[in-house]
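Written below as structure tokens is the structure these notes are about.
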Amino acid sequence: MVHDFDPFALRISGDFGIRWYGLSYMMGFICAYILITWLAKRQRAGLSVQMVGDFITYAAIGTLVGGRLGYVLFYGPDLFLKFKSEFPYWGVLAVNEGGMASHGGIIGIVIACLLYARKYSVNSLYLLDLVAVTGPIGVFFGRIANFINGELVGRPCDPTYPLAVKFPQDIVSWPGQEAAKLTELVPVVEKVGVGREQWLELVDKFRFDMAAREQLYATLNKVIESIQDGNTAAKEAIAPLLTPRYPSQLFAAFGEGLLIFMFLFFLWRKPRKPGFIAACFVLIYAVVRVVDEHFRMPDAHIGFQALGLTRGQWLSLAMFVVGLILMVVWTRAASLKIPGWQRGHSIKLNRK
């Protein structure tokens, strides 16, 4: 299939509107609120139902700030020094340039939990357990939004693969990586009102003429938006030119999202020591992310690193080591167990 999803759930004007990406975060926080409220009622482990709203606010801020700073630190440090005359002025705040990083979001949530625990005298490890079991739901919605946006695309796959997807967004990278293929877009750009001679002239000049370069990229984006708006002629014309790819975003939605959530939720049906669920999340997420990255293209400006691994895989390996340490420390601690959610277990904290 040729990807033709519009990133806007509701486009109000131009680039202003309600995006699926924003809705995915909202859905993640709403689901987290509902589930944490339910757990707080059953477990009675120090977080009252009345406190859940404030806690979710802390977690949301930690997720957003940590996710963005994580991307800038791990994948785009040049954004710290990038300033523009237009809003939002600073590259760090321009979330449309690179987006968010899940590893950074995890760090942000940890800091948010520690701050909340200190202010409201709640067990910090219990808070980490709560976000560990609910966080994957947000990851699920986020990865679905990644797919709708046509970002974080998968690696090339066999054209006969039944789930193969072709992303028109690939053509935006052609000027810098596969310029020779630009001339093949003649029948495509003609479907959006750009003539053959005009397009070939832009292709000839874009390397040294800034105006031609801007117009060329504007035409490429026009093609993508036209396909998203239902231009079947452009969609059919571009299909043979695109590389079939794994729907890695959907793989991640299932693996990093649903699979981890179901496992941790099932695991917490019985009493566990504070931090046990969080440590399990760190370990499992690291493993699943390493596997998922085998189907996902690395960031173009970073590429593959040592041993043929991606930046995300190396970060996940480091995360796995941290998870092992946390598991050993937290499970050996002489702490009270937190009740599980399954009926029949005591709502009081039990000593092991």
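Using N, Cα and C of the backbone, Cβ positions are placed for all residues, glycine too.
Taken from Swiss-Prot as is:
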TRANSMEM  20-40  transmembrane segment
TRANSMEM  55-75  transmembrane segment
TRANSMEM  97-117  transmembrane segment
TRANSMEM  122-142  transmembrane segment
TRANSMEM  248-268  transmembrane segment
TRANSMEM  275-295  transmembrane segment
TRANSMEM  314-334  transmembrane segment
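Through the fold, the transmembrane segment (248-268) approaches residues 102, 129, 132-134, 136-137, 139-144, 146-147, 151-155, 163, 277, 280-281, 284-285, 288-289, 291-292, 295-297, 340-341 of its own chain, all at least 6 residues removed from its boundaries and within a Cβ separation under 8 Å. Same-chain residues lying 6+ beyond the ends of the transmembrane segment (122-142) with a Cβ under 8 Å from its Cβ atoms: 21, 23-25, 27-29, 31-32, 35-36, 39, 45-47, 51, 55, 59, 63, 102, 106, 109-110, 113-114, 116, 252-254, 256-261, 264-265, 268, 272, 274-278, 280-282, 285, 330, 335, 338.
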